[in-house]
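Colleague: Could you have a look at this structure, given as structure tokens, before my questions?
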Amino acid sequence: MTYLKLNMHSFQVTANNLLSSGSVNPPAHGRIASGISALVISGFIAFLFAQHNMVFPYHDDWGYATLSYVGEQTGFTGRNFTLTQLLAFLYGEYVNWSGRFVAFFVQINIFKLGIEYVRLAQVGIILSIVFLAIKLSPQKRVFHPLIIVPIVYFLSLPQYSVAGGLYWFSASVAYVWGISLFLCAAYLIQRRKAFHLISTLLLACAAAFHEQMSFAVVAFVISYTILRQLPKFDAAQAFRDLKLTSPVFLIAIITTFAPGNFSRKNISAYPSNSLTETLTINAKALTHWIFAHPEGRILLAVLAASFVFLFVLLIKSSARKSKPIAITLFMLTLISICYTISLSLFFAATFFAYGALLFLLRTKFKFDAIVLSTYIAAVASLALLSVAPGVAGRSLLTFFFLMMIPVTFIFAQLFCVGPRPVVYAVILAALPFAASNAESIYTGYKANLEVNSVNHAKLIAASHEINHEKSPQSSVTLLKLPKPRYAEKMPYEKPQIEKWMKKYYALPNDFAFLWREQP
């Protein structure tokens, strides 16, 4: 694919220039690196726009856009609802289905503007996360070759979380969009070295997007409150921090303990397992998704590389190598023993070791408390999944995006202290595989583009003829998608969706959709 090849070629040129920097004077070298970094960023932006241009509404998207999901509102056509009707719908959702009222409010209002605005908003969200990953790292400069680290990380996201999550707006708004607010708050906190009113408001808004975000944000606030004071702990200062951030805890409670979360569990087709059974099943599911699923191997390799880099940094942190080497051997032995016992125990031991290394290196390389706090937030998002009724691949999106911060930070830190060629070698090795992964997803959505576009055009035309030309048309022939994996549930798989689509396009309830296979 053109956009991905541009990214690959541009960064390879950048790396070659940097590795042969002895022949280029520093100012010229900096201009070359910045220029090619800008080209890489431009290619990535073009890719995001091209990818999102092929994403259409699916499944719940239609229901939320027309206030037709749980707590359905009537008395309007299409998306011409009032603010009062929207608030009534959100209240019904909160009481009967979910606590994600902020995510729904944002999603519904942007869908009211049109699908083009939803696509544009998500491109902006993804770019902000990628850029903030660099801004939170030791590098800070966006126009630097290290921008390729979060880009490669993004391109490595597994299909099981992207096809049914990131490119399904009802899921991505809830799981991903709040992360942008979270990272904006983290950046402001990093700059001021303390919580303040704006960061608290941003964190509170982020916590309201999803129950996982609530857990993640609360974990971040608590861990940062403690870590920023070490090695000396001031209880009075900690109390002031917690008092200032109390709205975050309040919003997290309101979101997580929404009546709708309990109502949904009671009426949905979830298995009735005990707490012990749920913990065991979900631990195995999380281990499978992160460590064993074949679609996650590229991202796992990037995560593993950052883990290895932590050991490299640990060994480089002391002139006397015996102690860091001993710690390294101890941790690797512990992880190996856990692996022989069970994959779930290996899963827990690996995450513990990752966090422990971030903590040990916190003072050696002046690791900001932000990076460890964000890591703890990422793990906390998984902790909530351990007691969820089920673990879908898209449920890991919050964890994956939050992990972009420590991974980028670690790569940037090793780049700062050396050896730089190792950083370039690893990212260059991962780049073609990440690009291939993204291209596979792109190709899947591209295969559905024509059918989605034709169906949309037919429905727009039918709506116009019925509502403006008073046509007696009573049905329309629509095509089924050739690549069903690259779309969430379709109406011919779940007939209830047809009702939402008819309302979306302002079509009569008795209007018929005739679904045909693509010729």
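Count begins at 1; order follows the chain as displayed.
Heads up, the Cβ atoms here are built off N, Cα and C, so glycines get one too.
Pulled these from TrEMBL:
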TRANSMEM  32-50  transmembrane segment
TRANSMEM  94-111  transmembrane segment
TRANSMEM  117-135  transmembrane segment
TRANSMEM  142-160  transmembrane segment
TRANSMEM  166-189  transmembrane segment
TRANSMEM  201-224  transmembrane segment
TRANSMEM  244-262  transmembrane segment
TRANSMEM  298-315  transmembrane segment
TRANSMEM  327-357  transmembrane segment
TRANSMEM  369-388  transmembrane segment
TRANSMEM  395-415  transmembrane segment
Colleague: For the transmembrane segment (166-189) and the transmembrane segment (94-111), decide whether they are in contact, meaning at least 3 CB pairs lie under 8 A, counting pairs 6 or more apart in sequence.
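Modeller: Answer yes: the transmembrane segment (166-189) meets the transmembrane segment (94-111) with 3 or more Cβ pairs below 8 Å.
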Colleague: Let me spell it out: take the transmembrane segment (244-262), skip the flanking residues so only those 6+ beyond its ends count, and list any with a Cβ under 8 Å from a Cβ in it.
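Modeller: Long-range Cβ neighbours of the transmembrane segment (244-262): 70, 93-101, 195-197, 200-201, 203-205, 207-208, 210-211, 213-215, 217-218, 221, 225.
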Colleague: Can at least 3 Cβ pairs under 8 A be found between the transmembrane segment (94-111) and the transmembrane segment (201-224), with each pair 6 or more apart in sequence?
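Modeller: Yes; at least 3 Cβ pairs under 8 Å.
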Colleague: Could you tell me whether the transmembrane segment (201-224) and the transmembrane segment (117-135) have 3+ CB pairs under 8 A, leaving out pairs under 6 positions apart?
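Modeller: Between the transmembrane segment (201-224) and the transmembrane segment (117-135), which are separate recorded stretches, there is no contact, as judged by 3 or more close Cβ pairs.
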